[in-house]
Amino acid sequence: MIAGVIAVQGDVSEHAAAIRRAAAAHDVDCEVREIRTSGVVGNCDVLLLPGGESTTISRLLADEGIDDEIRAHVEAGKPILATCAGLIVAAADAKDDRVKTLDLLDVSVDRNAFGRQKDSFEAPLDITGLDEPFPAVFIRAPLIDAVGDDVEVLADWEGNPVAVRQGPVVASSFHPELTPDTRLHQLAVFRDNKAVAPRKVDQ
Ligand code: GLN
């Protein structure tokens, strides 16, 4: 499996480590490619769109021509996991002209709705498809305030969706890559393969 981590900005190394661990849990060989230029996405089986700063990430994706390649990846039905700023970039609407959203996911988001850096928190979260709560880390997290009919809500927090899926796209307001628990990466990447259905592994 070739996993591409969008690496124009954000917590790239954490996603690279998480996808390696998630693949290892399924005995799948995984080569990670960090993507900073066009021409690489097409070789990837799965993509990770990290947290960071959505205005910067979306601008650099457009500047480099990576944005259309990510759309083509999703149109081909290949998995992508987008977290926090990645969710904002993947959304249909971020209600902020500075974010050129990719429109991979029929949701609208409110940037920074959970507050500032100092309001960061971790909470155990029930996620559809996982049998035990997931330790969800929220840092300047976006709030999903509207979801389209084709979007499945996988988890919510205080009444708002915080993890969603639409076809090959899984996205979260929180940062699964910042915990040792790789189950959301597994859920996103191995979702169609019953032989490698998400399972909990000791880290
Ligand atoms: N608030 C950031 C943004 O709007 C996202 C924060 C994060 O990814 N931790 O881009």
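For all residues, glycine too, the Cβ spot is worked out from N, Cα and C.
Annotations in TrEMBL come from automatic prediction, not curation.
Since we're looking at a predicted model, the values are computed, not measured.
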Same-site L-glutamine binder from R21, R111, R165, given that TrEMBL records G52, E53, S54, I139, R140
R111
For each of the recorded positions (C84, I139), count the other CB atoms lying within 10 A of its CB, then report the residue with the highest count.
C84
For the L-glutamine binding site, please report the maximum Cα-Cα distance among G52, E53, S54, R111, I139, R140 in Å.
13
Intrachain C-beta neighbours of E53 (L-glutamine binding site), sequence separation six or more, cut-off 8 angstroms
Q9, G10, A85
Quick check for the class: what is the C-alpha distance, in angstrom and rounded, between E177 (active site, charge relay system) and S54 (L-glutamine binding site)?
17
